[in-house]
Amino acid sequence: MSKKRVLSGIQPTHDSFHLGNYLGALKQWVDMQENHDAFYCVVDLHALTVETDPKLLKKRTLLSAAQLIAIGLDPNKCTLFVQSHVPAHNQLAWVFECITGFGEASRMTQFKDKSQKSGADRINVGLFTYPILQAADILLYQPDFVPVGEDQRQHVELTRDIAQRFNSKYKEIFNIPKPEIIKSLAKINDLQDPTAKMSKSASSMAGVIELLDTPEATLKKFKSSVTDNGKEIKFDEKLKPGISNLLTIHSALSGKSITDLESEFSGKGYGDFKAAVAEVVIAKLEPISKRTNELMDDPAELSRVLSNGAQKASEVASTTLKAAYSAIGLA
Ligand code: TYM
């Protein structure tokens, strides 16, 4: 039987990915490459919705690819590529823009949040059409699953709606993908505000654990993390969001169950527990950071990997695009 296919993407908007990206999505990417036909892309076109210095964007795109390989993606097992290297993404996006309602796109919560934060005069049209480009990213590869965190669920739902609409209006071209969201890891929270998701756009980085942080910085962030009233190390998302977030992080990286961790730390103080979580995180991140730096020392090799990836991705994408163009009557 042929392997099920997966596709996912990540934006190169910062120098480093964060622990929320890693636990919510990237860890699944690594696991899924083993027994799926996996396509993963660095979505540099999506990153243009945030104004960035061109040199910096270029560097961050390479840094993103390096981090993805450093966390365990193997370009021999998956197709790793950069979105802008495959023009079919924009070509299909336009078709989808023409079958997506204005109201439908206006209901995307990420768009509403971001536009409210920046103010209507400072946002661009790209931010509005962003989820439609994402639908093209996904549907070009006919995936069965899209591994993402909770914040992307609505975009995958929109993608499914667009695919169904196209199929019933024109021709059955698109496979309808399912989001692959691991409930316990789908929303890793900020260490300073444990009710808000860890995010690259947080106003302060004090509660955001970056994969490329130094061990000292990581330890400091955990030590100063906001915890809750009381003394017990117990999982209770409502009453103890800070401790629950730390338990989730420890459990995901150490492989120990939350119940085992609660017994292990029973009678111990918050300080001891925070130091233990930091230790587990640092043990995971230190080699990732080291490997990323090594990969960045050989940009020619990284570019070669990405160019191979783009070639493999283009083959699949152009077949789908051709079928879609033909179905809608583009001669
Ligand atoms: P991006 O770049 O913001 O995030 C990459 C992945 O990380 C997940 N994530 C989290 N998971 C758990 N807890 C958190 N605090 C957390 N923060 C981020 C995100 O859910 C995501 O899976 N629109 C996408 C990029 C994209 C894409 C695609 C994804 C473009 N095209 C096609 C899938 C398929 C985004 O901005 O992700």
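Every residue number used here counts from 1 along the chain in the order it is shown.
Glycine is treated like the rest: Cβ placed from N, Cα and C.
Note that the structure is predicted; figures quoted are calculated from it, not measured.
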ATP site partner of GLN11, PRO12, THR13, GLY20, ASN21, GLY149, GLU150, ASP151, LYS197, MET198, SER199, LYS200, SER201 (as recorded in TrEMBL), chosen from ILE188, ILE209: ILE188
Spatial separation of ASP137 (L-tryptophan binding site) from LYS200 (ATP binding site) - C-alpha basis, Å: 22
Site of maximum Cβ density within 10 Å, from binding-site residues THR13, ASN21, ASP137: ASP137
ASP137 (L-tryptophan binding site) versus binding-site residues GLN11, GLU150, ILE188, MET198 - nearest by Cα: GLN11
Nonlocal neighbours by CB distance (under 8 Å) for MET198 (ATP binding site), same chain, sequence gap 6 or more: HIS18, LEU19, GLY20, ILE188, ASN189, ASP190, LEU191, GLY207, VAL208, ILE209
Packing count at LYS200 (ATP binding site) (other Cβ atoms within 10 Å of its Cβ): 16
